[in-house]
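Feature list (source: TrEMBL):
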type	residues	note
DOMAIN	5-224	domain 'NarG-like'
TRANSMEM	6-25	transmembrane segment
TRANSMEM	46-71	transmembrane segment
BINDING	His55, His65, His205	heme b 1 binding site
TRANSMEM	86-106	transmembrane segment
TRANSMEM	127-145	transmembrane segment
TRANSMEM	186-207	transmembrane segment
BINDING	His187	heme b 2 binding site
Amino acid sequence: MNTNLLVWLVLPYLSIILLIGGMIWRYRTDQFGWTSRSSQWNEPSILRWSSPLFHFGILFVFLGHVLGLVIPQSWTSTIGITEDTYHVMATVLGSAAGLAALVGLLGLLYRRFMTKSVRLTTTTMDIVTYVLLTLTVTLGCWATVHQQMIVGGYNYRDTIGPWFRSIALFQPRPELMATVPLDYKLHVMAGMVLFSVWPFTRLVHVVSAPVSYPTRPYVIYRSKNGHLGSSSRHYGW
């Protein structure tokens, strides 16, 4: 098996297996650990701007990836979006979202490792998570700037997009990645490694939704009446 097949055929499916299987395993064995483990009480000032900046930035980056990789180029052409128009929109909006995510991430990194109270709560998997996040986001920003602004433009919807869909449809076409520029390849590889370790980090909180919050009972830390047993349920609203 050559390197091309190993990286663009075996690694994608391995990362998918680890992502899905790891999520199921984590949910079945560690529901109490299914959290982002908030450290807001350690240092709120930097977190106040860096966290929203990173999360909103990465959300729009994700939406951009869905548009660029999941939706075929022919579909956007059908509704009147030309390749030139898409290129400008993707470059401008993608760069803005990527920059926001990167700046927010740098703020979180500074807070994590320069604030003693936060640093003391940092685990080995936190460090792995931050390294992979930083690598993936930085490589993505560099690929956009280098290929779309400096080199003159690269239509990844002719290669990376069809490759991504072929993996999802279990009709893999690893040969599509052979001519992809190196910076895009490194970005995709970093992303696959990140997804492989995702279930074993605090990133699992991304797939959690507070759907039960409106009907959950109050969290009582100390009861004034001294009654510790469970009684009739009082909702939090």
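Placement of Cβ uses the backbone N, Cα and C atoms for every residue, glycine included.
Since the structure is predicted, the reported quantities are computational estimates derived from the model, not experimental observations.
On the structure: features taken from TrEMBL.
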| residue | record | contacts (Cβ under 8 Å, 6+ apart) |
| --- | --- | --- |
| His55 | heme b 1 binding site | Gly104 |
| His65 | heme b 1 binding site | none |
| His187 | heme b 2 binding site | Thr136, Leu139, Gly140, Trp142, Ala143 |
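Residues His55, His65, His205, recorded as contacting heme b 1, have a largest CA-CA distance of 20 Å. Confidence in the domain 'NarG-like' (5-224), given as mean pLDDT, stands at 88. For His205 (heme b 1 binding site), the count of additional Cβ atoms within 10 Å of its Cβ stands at 12 [all protein chains shown].
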